[in-house]
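See below for the structure under consideration.
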Amino acid sequence: MTAMTRQLWAATRALLVLTVLLGVAYPLGMTALALAMPDRATGSLVMIDGRPAGSVLLGQATVEPQWFRARPSVSDYSGETSGGSNWGPSAAELSADLAARAADLRAVNPLAPAGPIPADALTTSASGLDPHISPAYAAWQAPRVAAARGMTVEQVQRLIDANMTSGELGFLGADRVNVTTLNAALATLGR
Amino acid sequence: MSPTLQAVLYVTTVALILALAHVPLGEWMYRIFTDERDWRMERLVYRLVGVDPRSEQRSSVYAVSVLAFGVVSVAFLWLLILVQGWLPWGMGRGQNWHTALNTAISFTTNTNWQSYAGEAGAGHTVQMVGLTVQNFVSAATGLAVAAALMRGIARQGADRLGNFWVDLTRACVRLLLPIAAIAAVLLLVGGVIQNLDAPQTITTLAGQQQAVQGGPVASQEAIKLVGTNGGGFFNANSAHPFENPNGWTNLLQIVLILLIPFALPWTYGRMVGDRRQGAVVTAVMAGLFAVSVTLTTWAERAAAVGVAGSLEGKEMRFGIVPSAIFGAATTSTSTGAVNSMHESYSPLGGGLLMVNMQLGEVSPGGVGTGLYGMLVMVIITVFIAGLMVGRTPELLGKAIGRREITYAALASVTMPALALLFTGASLLIPAARDALLNSGSHGLSEMLYAYTSAANNNGSAFAGLSADQPWLNLSLGFCMFVARFGIIAFTLALAGSLARQKRRPVTEGTMPTHTPLFATLLTGIVLVLAALTFFPALALGPLAEALS
């Protein structure tokens, strides 16, 4: 056996041994441990009437006026894939997309305040599954949702506040509203 | 809270955690690579592998072991991906031959460039048995090479650098596995999923269908970051809410990325018996990193004036500052995980992320690779400084002669040569040009970023590039393989050459390598080498876009 053959043989055995330890025992051990936290380990599902209606961590596609809209998504929240638009900052396509989304939002939100639309309402997220919007965008949509549901804007705003998370420690994250749990709260209102 | 205050608080928090961790962790790694005894579990591994843990290797044999392990890993992973349809948890996912080869090279070389989307290209068996394993062992290989170079500098009149199989096993068993296990539990608590389920289709509140993904994510996420690997379980990587659900997990991820790279200089100081040598390396790494974080955060904030508010390709739970800091961390270490889409960054912000890689991944660089990359820079600095003042170039009493500077120069020129040659070639090839999403100067940036990432074994991307085609898969794979194993071969040859030398006594003519002056020189050399090689390309890409 030449030196190289001997090395390749040792490498093969080393890879197999380490695969058993790191590729089988470790992930399966962690999966067993995760059974202690079944809710988180399976995706923090939102249950309504005993059926999963989404994940707290994932945004959902909505078009009807009575639901809050999450951010624009490249995959339209299918969950089959994930990712962003990858348009560069000076791409003409990006400007066109932003303008089209602004026109669309203005059309379906006639009651919304004048002035600039919050940036997160116009831009696609990195994952295409972002469940969060800014408190400003939530408040901007509130008149539409209130009108569609026959509620007052104040009632809707109270639900927004209840589904708001402050940035962790004030600087680790951003203040944000979870659209999925907010819509779930709307869905189960009065029950 | 003002963005400036936010950035200061964030960076201070990360710095404090790293400052607390780097001494015990650096000390632990010193013991790992100098311990005379083996753990029982390790003895079992050595018996199964058939190596004598007490027999040490010459630099050439050490290099052959590294290469053999790399080649076997590529072959095994390539095969595993190709046959995953017949294995459990295949879930109908697959990759064609050139995508699979690219993936196999990518994960073996600690690059983790991904031409495939995790949701479509890798079932749970491949993720665990293939990709998770390479996340560990490729990081351990980097540590082993760093250990060999440290021994080469520390030893004198020696012809052996240690045993690769021992260094590999110990790095996995004593360092990476324990940290990864703890990190995986923390990520789980934070909300990262960990199960063996196939995607389940649910009916949403508004009555639509949505796929909720499953998978052993937390276990892989942990080593993806600790090992500065960066290959996401899902396509969106650390931007996917199932990989990185909130501000806490985002902080944890940034810390995990920087943990080992910033602790290794301490190990170096201990190995060579002079902690000041390690302190200089830490200072230079930290200085470069601090500047990069500051500039990137500033660039992204400054761009937040338009209608897009710098939020295109960013997640709302993080916002601009935590995204920019993550971006700087992942490109300054050869990680390549992303929590925001780098391609949609402002021209200067995205350009800075590219520059982080073009420094040669030394600020602080990847696990092991960052330290050996920086030590190569130390040797080049010693040589140039020695020439300038007419002193014999020496590092810790070892002469930097023709042989040493040749190996160091070859190691440092490999990356820019690959990155620039292949960027240029691909811009001439219609099939590669057609893969670009963006046009104009940003299109050039997109291509330059791809080959910079591959040649630095980083793995992040300006992801608009449709890289899943034969030319890009194979040429990027070539760059990743040659950059990784070429630089390792030169580094080990350098280590062998240094180990053979006797240590010369320190005289008045010796230039000290532990002073602030030397740290300044080293910083200058790192910056000047990158500027000389990459400035023309950067001027046509990000700089042109920023000025237009």
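Heads up, the Cβ atoms here are built off N, Cα and C, so glycines get one too.
Here is what TrEMBL records for this protein:
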| type | residues | note |
| --- | --- | --- |
| TRANSMEM | B:6-30 | transmembrane segment |
| TRANSMEM | B:61-87 | transmembrane segment |
| TRANSMEM | B:136-154 | transmembrane segment |
| TRANSMEM | B:175-193 | transmembrane segment |
| TRANSMEM | B:251-268 | transmembrane segment |
| TRANSMEM | B:280-299 | transmembrane segment |
| TRANSMEM | B:371-393 | transmembrane segment |
| TRANSMEM | B:405-429 | transmembrane segment |
| TRANSMEM | B:474-496 | transmembrane segment |
| TRANSMEM | B:517-539 | transmembrane segment |
Practice prompt. Please work out whether the transmembrane segment (B:405-429) lies in contact with the transmembrane segment (B:517-539), by counting C-beta pairs under 8 angstroms that are 6 or more apart in sequence and asking whether there are at least 3.
Written response: yes
Worksheet item: What stretch in B:136-154, B:175-193, B:251-268, B:474-496 has the biggest tally of Cβ pairs under 8 Å against the transmembrane segment (B:371-393)?
Response: B:136-154
Worksheet entry | Chain residues outside the transmembrane segment (B:280-299) and at least six past its termini with a C-beta under 8 angstroms from it | 3, 7, 11, 15, 22, 261-262, 265-266, 268, 320-321, 324-325, 327-329, 332, 345-346, 348-349, 352-353, 355-356, 359, 362-365, 370-371, 374-375, 378, 513-515, 518-519, 522-523, 526-527
Worksheet item: Have the transmembrane segment (B:136-154) and the transmembrane segment (B:517-539) got at least three CB pairs under 8 Å, pairs 6 or more apart in sequence?
Response: no
Practice prompt. Mind checking which residues of the chain, 6+ beyond the ends of the transmembrane segment (B:61-87), have their Cβ under 8 Å from one of its Cβ atoms?
Written response: 93-95, 97, 100-101, 103-105, 107-109, 121-123, 125-126, 129-131, 134, 137-138, 141, 144-145, 148, 161-165, 168, 481, 484-485, 488-489, 492-493
Discussion item. Do any residues, 6 or more residues outside the transmembrane segment (B:251-268), come within under 8 Å Cβ-to-Cβ of it, and if so which ones?
Written reply: 10, 13-14, 17-18, 21-23, 25-27, 29-30, 33, 139, 143, 146, 150, 175, 179, 183, 186-187, 190, 221-222, 225-226, 228, 238, 244, 275, 277-279, 281-282, 285-286, 322, 325-326, 329-330, 333, 335, 337, 339, 364-368, 370-371, 374-375
Fill in: Long-range neighbours of the transmembrane segment (B:6-30), counting only residues six or more past its ends (CB under 8 A)
143, 174-175, 251, 254-255, 258-260, 262-267, 269-271, 278, 282, 286, 290, 293-294, 297, 321-322, 324-325
